[in-house]
Amino acid sequence: MVDKSNKVALVLGATGISGWALAKNALSYPSRSTFQRVIGLMHRPRTVEETGLPNDPRLELYSGVDLQGDLNHVVVKLKEKIPRIEEVTHVYYLAYMTLQTCSGDMRQFRDANVAMTYTAVHACDRLCPNMEFFVLQTGTNAYGVACFDYLRQTQLQVPLRESNPRVPRPWSDTLFYYAQADLIKEANKGKAWKWCEVRPDQIVGHTPAQVSVPYVAPMALYLALYRYINGPGARVQFPGTVRNYHHTYTDVRPDTMARAELYLSLVKSDESHGEAFNIADTDTPGPWSAKWPSICRYFGLEASETIDDEWTDIDGWWYANQTAYERMCAEYGLQKQVMSPTAWSLMKMGHTLIDQNRELCLDKIRGLGFTEDHPVGSSYFQVFEDFERMKIIPPKVVLASPRCRDVLHQC
């Protein structure tokens, strides 16, 4: 266990799905006394209340620093914005430039993320003389999971292990994880601080400030509205392909991922230095065929046995039924959500294009003593319960009753 000390965490990207969980968990894991300060850097200004993070005097949130800027300018802005930044001992790099922000240009997407990482690690190296550890979070594209041209040429060897060779060129030309890890390794030469890379696959979670970003939000809203319109016991079809329905993978909740990153950087900093680690809720592969029926039952629905071999256009159905959605929100006092095309696009991609088995091997992180484990698919129900409390979907007791359809038919 980590002793009480003067450790200070800096979370870059503190309101994203990963950074939010890291900032929250750093206040209590491995213990409440581990960090005397938890500093979150955000792209946009938000209050603690708006972020949904705990109201803890150790938590500090700052914005107004664009990591896409010139390194020298970023150094000046960080020093200006964050009091006593020199106290920082642990940096968690969870910032990310989206493909949509780069107008779908894959090369620009790669270059922007590499440049941000370069700026972040070198700025922290300059400003934080007490820095002990730097965590880089990447993902399973380190194995080519979302490199679709590559997947047409090869079959992934599962379970995916950290020792797997890199995706070869030209398929890896637009992947930025390798360049991120390489530049941190280079920056670390001759320095006292340590670093590691953490690789999750599908992250099942949300943040109060960005509900619509992860695909679990459009899924939950679609199923809630489908139940409202069609009534209890209605059969609902899996929206993706047959291959996607049956392929195996290992997802992770943000809290598990955050605690793993804290564990590696605090408890096993020597052993994890310079290494990459897979992380998931469990090493038991969980295909959609093991999750979809129980997810449907949560919403008072039954999973249809019919599965098409293409996207079922649930986004089109959603937009066509906005009148019913507004009625459902009014009836149950829900907070109306606006689903962006990006949210639906991410869901469509995950349910149609990724159609190979891709489960992760967790032997490496388990070997260092991080053994947190959760049942297959349980992360979805945790998110659904959060959505109920946030009044994004009707309560489960309502979904389990026949009243939704009766209300609609009376209107």
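Cβ atoms are placed via backbone N, Cα and C, with glycine included.
On a predicted model such as this, the values are computed, not experimentally measured, just so you know.
Under the heading active site, proton donor, Swiss-Prot lists Tyr249 (among others), citing similarity to another entry as support. There are 23 other CB atoms within 10 A of the CB of Tyr249 (active site, proton donor), with all protein chains counted.
Look at Swiss-Prot and you will find Tyr263 (among others) tagged as active site, proton donor. In the three-state DSSP classification, Tyr263 (active site, proton donor) falls within a helix. Its Cβ placed at the centre, Tyr263 (active site, proton donor) has 22 other Cβ atoms within 10 Å.
As annotated by Swiss-Prot, NADP(+) binding site applies to Asp105, Gln137, Tyr249, Arg253, with the evidence given as similarity to another entry. Note: Asp105 (NADP(+) binding site) has no non-local neighbours, i.e. no same-chain residues 6+ apart with C-beta under 8 A of its own C-beta.
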Other C-beta atoms that fall within 10 angstroms of the C-beta of Gln137 (NADP(+) binding site): 27
Chain-internal residues, separated by at least six, CB under 8 A from Arg253 (NADP(+) binding site): Ile203, Val204, Gly205, Asp281, His374, Ser379, Gln382
Between Tyr249 (active site, proton donor) and Gln137 (NADP(+) binding site), the C-alpha gap once rounded to whole angstrom: 19
Secondary-structure category, per DSSP, in which Asp105 (NADP(+) binding site) falls: coil
